[in-house]
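S.K.: Have a look at the structure that comes next, please.
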There are 2 protein chains.
Amino acid sequence: MTKAPDRAALDHTAPDQTLADLSEGEVLARIFPRLPHADTELLGPGDDAAVLSAADGRFVVTCDMMIQGPDFRLAWSTPHDLGWKAAATNLSDVAAMGARPTALVVAIAAPPSTPISVILGIADGLRDGCEALAPGCGVVGGDLSASDALTLSITAFGDLEGRAPVLRSGATAGDVVAHAGRLGDAGIGLGLLFRFGVDADGVPDRAAADNLKLREPRFVEAQLAPVPPIGLGPVAAAAGATAMLDVSDGLAIDAGRLARASGVGVDFDSAALGDHRELALGGGEDHGLLATFPAAAVLPAGFRRIGTVTDQPGIVLVDGEAHTQGGWDPYRGWDGATS
Amino acid sequence: MTKAPDRAALDHTAPDQTLADLSEGEVLARIFPRLPHADTELLGPGDDAAVLSAADGRFVVTCDMMIQGPDFRLAWSTPHDLGWKAAATNLSDVAAMGARPTALVVAIAAPPSTPISVILGIADGLRDGCEALAPGCGVVGGDLSASDALTLSITAFGDLEGRAPVLRSGATAGDVVAHAGRLGDAGIGLGLLFRFGVDADGVPDRAAADNLKLREPRFVEAQLAPVPPIGLGPVAAAAGATAMLDVSDGLAIDAGRLARASGVGVDFDSAALGDHRELALGGGEDHGLLATFPAAAVLPAGFRRIGTVTDQPGIVLVDGEAHTQGGWDPYRGWDGATS
């Protein structure tokens, strides 16, 4: 999957070099040393494939692709943000199974005119994201291609450490509904970027976004470089979580998925959703963990009770009343702008 | 990673529907039933991540991205070809470690205007490729995104079945150099497509390519839907292969990689390279297996002796004389045409 890097070529990169100025091997030789090592790596980059240990006899796997335009804009996200977010969102899917993230493989496609500094920034973001969110998780391989739009495709692995995976389908009526992580912040950040991170014509603009980051760092950083509670996935599993998922498309939509998979309903307690109830229910990309626990369970630190599991299959309520869902669809939510 | 499909939506797809006409869940509901099941699948699509068994306590992983323009043209490749080739090239990297391919995860990005039939054709190609090349290997999950260029990103897994992986670095002087699979056919096919699969202005053209496929099926099919000798990877490992890799960039280039990794040289026997020696040495994308075996080893059926390992580090010779390499670089080999 990866070519053996020419180590002699390291650290001789002029900052304005582009991918077209370097061979694939030269680019990879600059990337690999920046990437974190995985504790489970038996054989890393440089051969046709990597080899990872799976002491548990099983492994968890998930994948997600991020594409310039529909998924991010370079006027708003730094390369470091992109690497960080690509790691964070995939690690979160692993954590939502109750697994400890162990490794990533990363395929990057970029225009030949892309400065090498962009690719190195992505690598640094992947490293810092792994180190901060899932220590011991590393990058074990990848692929580098040419494309018109910058594209990151990540596959992430996890170790269940002997536990059963926590599925979406295990909730039963009477369980407590709990959440760990932020609710609505990333959605607020995206709204702020579309409103204030643009120029006079409404086009995404770096200077405007940088200014916004200084004024509203909490919300903008939640959108561009989220810090999901990865470590709480295995903790929730060990504490007896009956069902769990990663809140990527908004609390109401994802609660509906859990409810349908489990054949139950969810009734949220609006008092637990904070002052911005609709944003908490509708805002996507926070990548918190939505989990259900038996009524008698002691919730692990980091989780808050936000509702109750009911016996009404597929029904999501707030304080016992119906809630109308809205949300993100990849083929309906993109306006085609790629700046 | 995947949303739970709505099974009730199955088999109600009008042939001219596009991705924009359907929700992500509706598209996935049409794709999943067409995909092959993996024997190692403990939990398949529909949750945040899949769970696979790894009875060996290790697993092999590789990834590769294919993008419209640099890597394929829709005027030449059918959707079925794309799915087949994406499977074949990734399975080949797994086989080159001496592993048996077990599963794939597949991320697809496509323009909203893409007919659903294209996505279903890719799914059928993935299924048929897995069934033909690696029975028991299946698709365990994926991701669907919007993009301007059709993009397939595959991650493939394999089982070493208790054996050590066969690395590029294990060859020693005196070993036999052997090859399984085709040599040069895919390169000839690509040359034919660029010469005859185009219209009067040199633009890739479906009718011209279809005509060419009828006249030169062997070479064109080797390029568009290769049939690499996946099953021979584990066979070579069991037979004592000392080093092995997948010939993706041409025999000379890939032999150079094996030679450098092993600190040895390779001397090819031109009589074993066939009538088209330069095409055999330089043509890429055949995805045969290049392996070295101890001099006394009996080569497994399917492998042919094509040379000898020498003690000249990194040197690739033909009949004892120097051979100049040429080959494919993703940032230098693409002219930007995407039709």
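Each residue, glycine too, has its Cβ placed from N, Cα and C.
OK, TrEMBL features for this one:
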- B:46-158: domain 'PurM-like N-terminal' (DOMAIN)
- B:Asp48, B:Thr62, B:Asp93: Mg(2+) 4 binding site (BINDING)
- B:Asp48, B:Asp93, B:Asp246: Mg(2+) 3 binding site (BINDING)
- B:Asp64, B:Asp93: Mg(2+) 2 binding site (BINDING)
- B:Asp64, B:Asp143: Mg(2+) 1 binding site (BINDING)
- B:Asp71, B:Glu285, B:Trp328: substrate binding site (BINDING)
- B:Gly142, B:Asp143, B:Arg168, B:Ser248: ATP binding site (BINDING)
- B:Asp249: Mg(2+) 5 binding site (BINDING)
S.K.: What Cα-Cα separation, expressed in whole Å, is found between B:Asp64 (Mg(2+) 2 binding site) and B:Asp48 (Mg(2+) 4 binding site)?
M.R.: 22
S.K.: Fewest other Cβ atoms within 10 Å: which of the binding-site residues B:Asp48, B:Asp64, B:Asp93 wins that one? Let me know.
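M.R.: Output over binding-site residues B:Asp48, B:Asp64, B:Asp93: least Cβ neighbours within 10 Å is B:Asp64.
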S.K.: Using a 10 Å radius around each Cβ and counting other Cβ atoms from all shown chains, which of the binding-site residues B:Thr62, B:Ser248 yields the largest count?
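M.R.: Going through B:Thr62, B:Ser248 one by one, the largest Cβ count within 10 Å is at B:Thr62.
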S.K.: Give the helix, strand or coil assignment DSSP yields for B:Asp143 (Mg(2+) 1 binding site).
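M.R.: For B:Asp143 (Mg(2+) 1 binding site) - judged by DSSP and reduced to three states - the answer is strand.
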S.K.: Sub-8 Å Cβ contact with chain A: please pick out which of the binding-site residues B:Asp71, B:Asp143, B:Glu285 have it.
M.R.: B:Asp71, B:Asp143
S.K.: CB neighbours of B:Glu285 (substrate binding site) within 10 A?
M.R.: 24
S.K.: Quick one: Cα separation, B:Thr62 (Mg(2+) 4 binding site) versus B:Glu285 (substrate binding site), in Å?
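M.R.: That separation, Cα to Cα, works out to 17 Å.
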S.K.: For the binding-site residues listed here (B:Asp71, B:Asp143, B:Asp246, B:Asp249), which one has the lowest count of neighbouring CB atoms within 10 Å of its own CB?
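M.R.: Least crowded of the binding-site residues B:Asp71, B:Asp143, B:Asp246, B:Asp249, by Cβ count within 10 Å, is B:Asp249.
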S.K.: So among B:Asp71, B:Arg168, B:Glu285, all listed as binding-site residues, which is physically nearest to B:Asp48 (Mg(2+) 4 binding site)? Use the C-alpha atoms.
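M.R.: Of all the candidates listed, B:Asp71 is nearest in space.
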S.K.: Assuming the binding residues for ATP are exactly those in the record, B:Gly142, B:Asp143, B:Arg168, B:Ser248, what is the maximum CA-CA distance in angstrom, rounded?
M.R.: 32
S.K.: In the structure shown, which of the binding-site residues B:Gly142, B:Arg168 has the fewest Cβ neighbours within 10 Å?
M.R.: B:Arg168
